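Report on one structure; see the data block that follows.
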Amino acid sequence: MYLENCIVILTSTTPPWWAIPPAWSLGAEIQAYFLLPILLTYKMLGLSVFWISYIIYSLANLNIIHSDYFGYRLIPGVIFMFLSGAYLQKIVSGKASRLEMLSLIIIYIISLFWLVFFIIIKGKYGAYTRETLLGLLVGIPLVYTLLKIRRKFYFNDLFGKLSYGIFLSHFLSFWILEFVNLTQNIISMIFLSLIISASVSYLIITLIENKVEKIRYNLTR
């Protein structure tokens, strides 16, 4: 009776009752943060999950299973991405095992082949295959390079805080622009939605996040 009120069954990627469509990612992140300590503590379990997750992601991108759910939204098909970031950190700090390093390199090579052969040549892909593969192929070397540089750039913290707020509020910016009828030009729409999303994110940081961080810091002193 009470459990059904706490569970959302995902039957649509754009449900009419969803005020913040990207909020599904919070669920995936919470699950990942529960799983990561276990998967990183037990290395062989982590590597097994890493490969199983990538296989699920691949099956989704071939449209064998639901490409949107299992290749983009739900934890079984994306936990390998979280593990990729963790393995990058371990590689840079010299704590990664040879199997962890090799697995990350192999998956990167497979993903590069996938992009060239299946997407560019064959034109075969599922929902968000292009976006997630491109993010993976650009993100892994970029994050590795930034971790190796170990240099703190100006505005790093601010941009880091803004990024997730922009992601969560970008639909709001689309709806505002649609309401005021400013969606005719795609370039101006992208520019304006970025400004609106960044402004909303900055307000949330200033009015809520910074105050919560201050309270949290005082509690842990």
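Here the Cβ of each residue, glycine as well, is placed from N, Cα and C on the backbone.
Here Swiss-Prot flags 33-55 (among others) as transmembrane segment.
Here Swiss-Prot flags 70-92 (among others) as transmembrane segment. Outside the transmembrane segment (70-92), and at least 6 residues removed from its termini, the chain residues within Cβ reach (under 8 Å) are 10, 13, 24-25, 28, 31-32, 35-36, 39-40, 46, 49-54, 56-57, 59-61, 100-101, 103-104, 107, 126-129, 132, 136, 140, 143-144, 147-148.
Distant neighbours of the transmembrane segment (99-121): 43, 46-47, 50-51, 54, 58, 61-62, 80, 84, 87-88, 90-91, 129-130, 133-134, 136-137, 140; these residues of the same chain sit at least 6 beyond its ends, with a Cβ under 8 Å from one of its Cβ atoms. According to Swiss-Prot, the feature transmembrane segment maps to 99-121 (among others), an assignment based on sequence analysis.
What Swiss-Prot lists as transmembrane segment is 125-147 (among others), and the listing cites sequence analysis. Non-local neighbours of the transmembrane segment (125-147) in the same chain are 13, 57, 60-63, 67-68, 71-72, 81, 84-85, 88-89, 91-92, 104, 108, 111-112, 114-115, 118-119; each lies 6+ residues outside the stretch with a CB under 8 Å from one of its CB atoms.
According to Swiss-Prot, the feature transmembrane segment maps to 154-176 (among others), an assignment based on sequence analysis.
Annotation source Swiss-Prot lists transmembrane segment at 186-208 (among others). Away from its own ends, the transmembrane segment (186-208) comes close to residues 161-162, 164-166, 168-170, 172-174, 176-177 of its chain (Cβ-Cβ under 8 Å, at least six residues beyond either end).
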